[in-house]
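Worksheet for the structure shown next.
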Amino acid sequence: MIYKSFLRPILFSLEPEYAHNLCLGLLSHPFYPFFHKLLASFQKDLPLLPKELWGMQFPNPVGLAAGFDKNGVGLRAWESFGFGFVEIGTVTPLPQEGNPAPRLCRLPKEGALWNSLGFPSQGAQRVAERLKKVFLSGRPKIPVGINIGKNRHTPLEETIEDYKKCFSYFKDLGDFFVVNVSSPNTPGLKSLQQKRFLELLFDRLNPLNSSPRKPLLVKIAPDIELKNLAGILEVLLRNESVGIVIANTLPAKGPGGKEGGLSGKPLRELSLGLIRFVKKETAGRLPIIGVGGIFSSKDAFEKMEAGADLIEIFTGFVYNGPSFPANLCRELERLRKTPQCSAIFLQD
């Protein structure tokens with residue numbers, strides 16, 4: 001309540017990207033250890049909702065979606081909020097500024113955010129160095145995923161080299177990896193949501209991905225053609241330790257008719273439909289992370305009922321505040337104890 005009645009109005013009075021970076025800056029500030037302890041005290045009654053995927057333990061199924069902490073600056077904080085895992089990035093091989101401003105705006109009536117960020121990134125080398133420094137004092141207690149992408153000016157025919165470079169930097173740092181081929185804000189990127197490209201990508205990444213093999217997931221767009229999705233699923237099912245993230249932002253025009261993508265409630269039904277499709281097409285053999293429009297435990301449970309093994313939040317976190325992930329876990333624990341919902345949590 002404090003967030004919605006006091007903090008959110010203050011933050012929403014600020015330019016969106018400035019407010020976002022301000023919050024991330026606070027999480028990396030020298031006084032953060034005190035803040036960390038304060039947050040942790042709020043999570044003492046956080047229930048355990050363990051999930052095992054790819055031989056990896058997730059303390060709960062609620063994760064932070066890619067795009068929120070693009071450079072891993074708040075990595076130590078996320079478990080304090082009650083997240084069961086975090087996906088940082090999208091990280092590109094070389095540093096890049098992304099698209100020009102304005103490139104982020106809030107749409108409160110729609111329960112949405114619009115962005116045209118275009119993968120602003122400090123680059124793989126700098127982000128990897130930051131993670132190494134953080135890990136010197138011990139790895140986080142939650143799995144850390146790395147979302148990797150291509151630089152804007154890399155020709156499409158050289159895209160695989162960009163993914164290889166990123167993967168090589170983070171191979172020993174990330175617990176799992178997500179290949180972003182679906183952002184609407186990088187020219188031509190969505191055209192890579194094709195069976196043939198994914199075959200070539202896995203052929204080039206698999207030799208680098210061993211001892212131990214790290215899970216490699218593909219993030220798809222909410223408006224992907226089902227025939228293309230079916231081809232992607234074929235490729236994924238032929239490989240080991242794979243998965244799919246459903247879904248990225250929905251292409252939409254923003255201020256001044258600028259091209260960008262919507263996240264939040266407008267994605268809810270599209271994401272659910274794709275999750276159900278993938279679950280059916282793969283007979284439940286492919287791990288799914290469901291993203292898009294999760295603002296309540298009902299939304300979260302719908303994703304899991306449709307077939308998602310894990311869920312991620314972003315826009316709902318912005319609108320509901322820092323207590324949202326922990327509250328989601330508490331509500332999911334309550335649902336788990338009800339006869340009509342318990343079967344969903346026992347599918348393992």
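Every residue gets a Cβ built from N, Cα and C, even glycine.
Annotation source Swiss-Prot lists FMN binding site at Ala66, Gly67, Phe68, Asp69, Lys70, Thr90, Asn147, Asn180, Lys219, Ala247, Gly264, Gly293, Phe314, Thr315. DSSP assigns Asn180 (substrate binding site) to a strand.
Within 10 Å of the Cβ of Asn180 (substrate binding site) there are 27 other Cβ atoms, across all protein chains. Per Swiss-Prot, substrate binding site is recorded for Lys70, Asn115, Ser116, Leu117, Gly118, Phe119, Asn180, Asn185, Asn248, Thr249, and the stated evidence type is sequence analysis.
What Swiss-Prot records for Ser183 is active site, nucleophile. The Cβ of Ser183 (active site, nucleophile) has Thr90, Gly118, Phe119, Gly149, Leu189, Lys190, Asn248, Thr249, Gly261 as same-chain neighbours under 8 Å, each 6 or more residues away in sequence.
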Looking only at DSSP and grouping its letters into three states, which state does Gly264 (FMN binding site) belong to?
-> strand
Mind telling me which of the binding-site residues Ser116, Asn248 has the densest Cβ neighbourhood, counting other Cβ atoms within 10 Å?
-> Asn248
Can you tell me which binding-site residues out of Phe68, Lys70, Asn147, Lys219, Gly264, Phe314 are within 10 A of Asn180 (substrate binding site) by Cα, answering none if there aren't any?
-> Asn147, Lys219
Which whole-number value in Å describes the distance between the Cα atoms of Phe68 (FMN binding site) and Ser116 (substrate binding site)?
-> 14
Listed in sequence order, residues not in Lys70, Asn115, Ser116, Leu117, Gly118, Phe119, Asn180, Asn185, Asn248, Thr249 with Cβ within 8 Å of the centre of the substrate site Cβ atoms = Gly67, Thr90, Gly98, Ser183, Pro184, Thr186, Gly260, Gly261
